[in-house]
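Before any comments, here is the structure.
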């Protein structure tokens with residue numbers, strides 16, 4: 001069996017994926033939460049560690065950067081460098097170009113040879129995505145994605161797997177990201193390219209692992225809100241441009257409390273809906289000029305202090 005561990009840790013535009021119902025049932029995908037268990041925290045799943053002699057090659061890809069609903073999933077797949085020829089024949093490719101049925105079959109293929117093939121996913125829940133993006137200072141989606149990639153590679157190395165080559169689907173400028181990863185993991189040859197999942201089969205395998213996991217998480221979603229009943233409206237793909245998803249968002253909006261936590265509340269689509277259709281909020285300091293002035297009087301003490309100490313309210317003992 002694989003292992004699952006909990007680790008706490010700009011939207012891209014993508015084509016709306018197909019919604020063929022022939023995918024594996026969520027409960028048969030080992031990298032998803034247990035049935036009826038809500039996804040409330042981010043976690044990492046690892047398949048069994050392969051035993052073939054290295055060195056190994058590894059691919060990295062993601063699923064779910066653009067959607068307004070559900071988790072962002074980063075996946076890695078790895079196999080011995082000597083296994084490349086067999087890997088070419090297994091049918092892995094960019095998961096967005098494949099049907100649900102083919103993706104499900106390929107995940108089973110990925111699990112069929114545990115001596116040579118292995119995979120891991122980092123599932124970043126919607127709450128963590130939004131909390132990171134809205135905190136001060138913010139942790140944007142690119143940084144969260146980079147952290148997920150680094151942690152997955154580190155996890156594989158910690159298992160005693162010798163990596164010689166790593167192929168990554170580009171996140172931002174390829175050359176800059178490639179230089180960052182090469183410095184982070186000296187001794188490993190990194191290749192960072194756009195559309196790497198089309199070019200390298202090992203990245204296609206990672207793409208399949210990430211996409212099947214995300215789809216199963218969303219299909220089998222258990223709402224953590226006690227007593228909440230989701231609207232009887234089709235969820236759609238989860239992408240902001242999908243009319244079905246837009247209708248679902250409008251249907252589930254509660255004017256005072258907003259949306260259930262499957263929704264990424266840091267997304268512009270959600271902010272606009274809340275501003276238009278949610279109840280307005282008046283904060284206690286609105287219209288309280290004297291109260292604001294009282295707090296502003298202390299701002300001189302913050303001169304030349306770093307942003308972190310200001311945000312956390314850290315004070316020197318000498319000033320107390």
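The backbone N, Cα and C atoms fix where each Cβ goes, glycine too.
Per TrEMBL, the listed range annotated as region 'Disordered' is 1-50 (candidates: 1-50, 101-150).
Sorting each residue of the compositional bias 'Low complexity' (40-50) by its DSSP state yields 0 helix, 4 strand, 7 coil.
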